[in-house]
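Participant: To start, I am sharing the structure in question, which I have written as structure tokens.
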Amino acid sequence: MGNCIACVKFDPDNSKPNQKKKPPRGRQRNPYDDPDGLRTHAPLRVIPMSHQSQISDKYILGRELGRGEFGITYLCTDRETREALACKSISKRKLRTAVDVEDVRREVTIMSTLPEHPNVVKLKATYEDNENVHLVMELCEGGELFDRIVARGHYTERAAATVARTIAEVVRMCHVNGVMHRDLKPENFLFANKKENSALKAIDFGLSVLFKPGERFTEIVGSPYYMAPEVLKRNYGPEVDVWSAGVILYILLCGVPPFWAETEQGVALAILRGVLDFKRDPWSQISESAKSLVKQMLEPDSTKRLTAQQVLDHPWIQNAKKAPNVPLGDIVRSRLKQFSMMNRLKKKALRVIAEHLSIQEVEVIRNMFTLMDDDNDGKISYLELRAGLRKVGSQLGEPEIKLLMEVADVNGNGCLDYGEFVAVIIHLQKMENDEHFRQAFMFFDKDGSGYIESEELREALTDELGEPDNSVIIDIMREVDTDKDGKINYDEFVVMMKAGTDWRKASRQYSRERFKSLSLNLMKDGSMHLHDALTGQSIAV
């Protein structure tokens with residue numbers, strides 16, 4: 001399939017004449033995007049129940065705290081009480097699709113309906129103007145989970161048990177209230193303040209969904225290292241959150257993810273195999289009770305996996321204050337520091353990629369859908385797909401087109417809707433195109449030498465938290481610089497970016513379709529079918 005349509009060029013002059021095309025379902029045009037300044041009507045509201053007044057009437061926006069795919073988080077001060085808060089300002093122009101708009105609405109709904117909890121960040125208010133949606137929330141200024149652990153110096157199994165109990169309690173509270181988080185990872189937990197006894201809080205509900213008992217989901221979302229096997233199989237429920245919490249616990253105890261490889265497909269295969277390594281240091285120092293809990297949280301069969309309440313009832317969690325208080329050694333702290341810094345490096349690279357992911361790339365796919373949808377019903381039949389692929393120059397044979405159709409047709413209606421079609425095209429085009437990585441590499445290669453050297457890496461990782469230690473730079477260089485010449489070349493950089501990267505930081509829609517594409521690959525090469533034969537579990541396609 002290497003020659004599928006990697007070089008496809010869409011010719012707008014080739015589209016059907018004298019036909020008024022309707023937009024494909026699920027991919028409505030962005031109502032906030034007005035590049036020519038011709039808007040003559042008020043924009044639609046993203047959050048119907050948001051405050052009608054201006055946010056500046058109530059709050060003072062200060063310095064920037066962080067930046068994401070859709071907007072910027074600012075320090076925010078209540079004019080009357082002087083309380084310090086955080087304001088996440090989401091740019092409407094960056095909500096490119098109806099799916100993006102729905103994501104924001106759902107995040108606000110979930111944060112508004114969850115009961116107050118000491119370990120969940122509180123949404124204080126929402127405001128909306130013509131340009132932005134503003135979410136005013138509790139301020140968490142105590143730093144990320146791993147950064148705090150590294151800074152403390154003394155790190156023990158008892159400390160890991162305390163963190164695990166907090167995360168399990170958040171999961172339990174979400175599930176009791178019909179919320180599946182779907183994106184649990186260390187970066188989504190911040191400490192409220194810098195005090196030693198500060199509360200740890202869950203901060204990001206952007207991929208969360210409401211669920212009913214027995215309801216199953218098919219959308220592939222989340223972050224690579226933390227995905228449960230049933231997510232890759234597109235047939236899952238709230239048990240995925242316990243799996244993700246188990247991955248975090250494994251990392252807390254030994255400093256590295258349980259399922260790792262140099263490519264996303266390798267990570268996915270490791271997750272499907274589900275083999276846990278308890279032989280490397282420091283596992284010999286860790287209690288059998290802790291290992292038992294990790295195994296039960298990372299049980300590949302979701303029907304046998306512990307629930308969040310059962311995690312909280314486990315003896316290791318119940319006796320957290322009695323867990324071994326012996327330091328796990330510098331090896332775990334140094335691994336956690338390297339893991340945290342590597343994530344920071346990837347986040348900076350993804351920010352560069354996000355700025356170069358043009359809306360035109362997605363427009364090409366939209367236009368291809370319109371071109372192939374001969375009867376304008378918002379769906380593409382097998383015959384339309386076959387004819388359309390031939391029209392744009394694809395050399396795919398009949399068996400391969402049939403396989404693509406079968407695997408991508410998630411709802412089994414014999415046709416592809418827009419979302420399913422996007423998955424097929426990304427699968428064929430391999431949207432991780434070289435230009436995106438090249439732009440990010442050039443951002444770090446300040447002197448244009450063709451290499452990222454130690455000082456350039458140090459500069460890239462220096463932020464409001466200060467400069468990284470020499471040991472961290474050395475560790476990252478050691479891992480990424482595979483030819484051991486003391487610098488990172490372009491090929492080594494690409495390998496790093498393809499291993500376990502959270503692509504949602506570049507584009508949430510891109511991430512969704514990317515992992516759907518990965519699922520297609522695994523199904524096509526038989527990996528999932530082999531896994532099912534070994535485990536007796538089935539995949540819902």
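Note that Cβ sites are derived from N, Cα and C of the backbone, with glycine treated the same way.
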Participant: So which range, 137-167, 168-198, 323-353, gets flagged region 'Autoinhibitory domain' in Swiss-Prot?
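Facilitator: Swiss-Prot lists region 'Autoinhibitory domain' for residues 323-353.
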Participant: What's the CA to CA span in angstrom from Glu384 (Ca(2+) 1 binding site) over to Ser449 (Ca(2+) 3 binding site)?
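Facilitator: Approximately 48 Å lies between the Cα of Glu384 (Ca(2+) 1 binding site) and that of Ser449 (Ca(2+) 3 binding site).
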Participant: Taking the recorded Ca(2+) 3 site as Asp445, Asp447, Ser449, Tyr451, Glu456, identify the other residues of that chain whose CB atom sits within 8 Å of the mean position of the site's CB atoms, giving them in sequence order.
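Facilitator: After dropping the recorded site residues, what remains is Phe444, Lys446, Gly448, Gly450, Ile452, Glu453, Lys487.
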Participant: Count the Cβ atoms, other than its own, that fall within 10 Å of the Cβ of Asp481 (Ca(2+) 4 binding site), considering every protein chain shown.
Facilitator: 18
Participant: Between the Cα atoms of Asp377 (Ca(2+) 1 binding site) and Gly71 (ATP binding site), what distance do you get, rounded to the nearest Å?
Facilitator: 35
Participant: Compared by Cα position, which of the binding-site residues Asp373, Asp375, Asn413, Cys415, Tyr451 is the closest one to Leu65 (ATP binding site)?
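Facilitator: Going through Asp373, Asp375, Asn413, Cys415, Tyr451 one by one, the closest to Leu65 (ATP binding site) is Tyr451.
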